[in-house]
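**Student:** Sharing a structure with you now.
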Amino acid sequence: MVHLTAEEKNAITSLWGKVAIEQTGGEALGRLLIVYPWTSRFFDHFGDLSNAKAVMSNPKVLAHGAKVLVAFGDAIKNLDNLKGTFAKLSELHCDKLHVDPENFKLLGNIIVICLAEHFGKEFTIDAQVAWQKLVAGVANALAHKYH
């Protein structure tokens, strides 16, 4: 379980209200597929993922990335119950999709990178600390079924 202070929760929620879900989600998932190309095996039904341009313009990548960030929105609404919030997704990713749980950490870190890029100076060190804790908590919750 990740412990977030009131200040960290505020840092997360104050930025979250300004996040462009579709844009940031698509960018994050696209970057995951480009930077860590072995992750594309989970998305072979998405069509052309042969190069960066194809990935970043692929409508299925963009839509699924948005779906991922919507799930992060659920996490933000339930910061004190991440395992419960992600129980069904953990089961899906473990039992049916067989996703290596390390990929959750990779995607979480890429989400932080995207937020830092989009928010610039507004994404302070304190905000990064809070977001890193959140993505670690989400990755842990998604990996819960694996344990």
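Positions of Cβ are set from backbone N, Cα and C atoms, glycine also.
According to Swiss-Prot, the record shows the following:
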- H64, H93: heme b binding site (BINDING)
- V2: N-acetylvaline (MOD_RES)
- T13: phosphothreonine (MOD_RES)
- K60: N6-acetyllysine (MOD_RES)
- K83: N6-acetyllysine (MOD_RES)
- C94: S-nitrosocysteine (MOD_RES)
- K145: N6-acetyllysine (MOD_RES)
**Student:** When the Cα-Cα distance from H64 (heme b binding site) is computed for each of the modified residues T13, K83, C94, which gives the smallest value?
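**Tutor:** Checking each of T13, K83, C94 against H64 (heme b binding site), the shortest Cα distance is to C94.
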**Student:** Across all the protein chains here, work out how many other Cβ atoms are within 10 Å of the Cβ of K60 (N6-acetyllysine).
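**Tutor:** Total other Cβ atoms inside 10 Å, all chains included: 15.
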**Student:** So, in DSSP terms, is the residue listed as 'N-acetylvaline' helix, strand, or coil?
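**Tutor:** Its secondary structure by DSSP: coil.
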**Student:** Out of these recorded positions, V2, T13, H64, K83, C94, which one has the fewest other C-beta atoms within 10 Å of its own C-beta?
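**Tutor:** Least crowded of the recorded positions V2, T13, H64, K83, C94, by Cβ count within 10 Å, is T13.
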**Student:** If you compare CA-to-CA distances from K83 (N6-acetyllysine) to each of the modified residues V2, T13, K60, C94, which comes out shortest?
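**Tutor:** That would be V2, the closest of V2, T13, K60, C94 to K83 (N6-acetyllysine).
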**Student:** Measuring CA to CA, name the entry from the modified residues T13, K60, C94 that ends up nearest the residue listed as 'N-acetylvaline'.
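**Tutor:** Sorting the modified residues by distance from the residue listed as 'N-acetylvaline', the top entry is T13.
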**Student:** How far is it from T13 (phosphothreonine) to K60 (N6-acetyllysine), counting Cα to Cα, in Å?
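**Tutor:** Rounded to the nearest whole number, the Cα-Cα distance is 27 Å.
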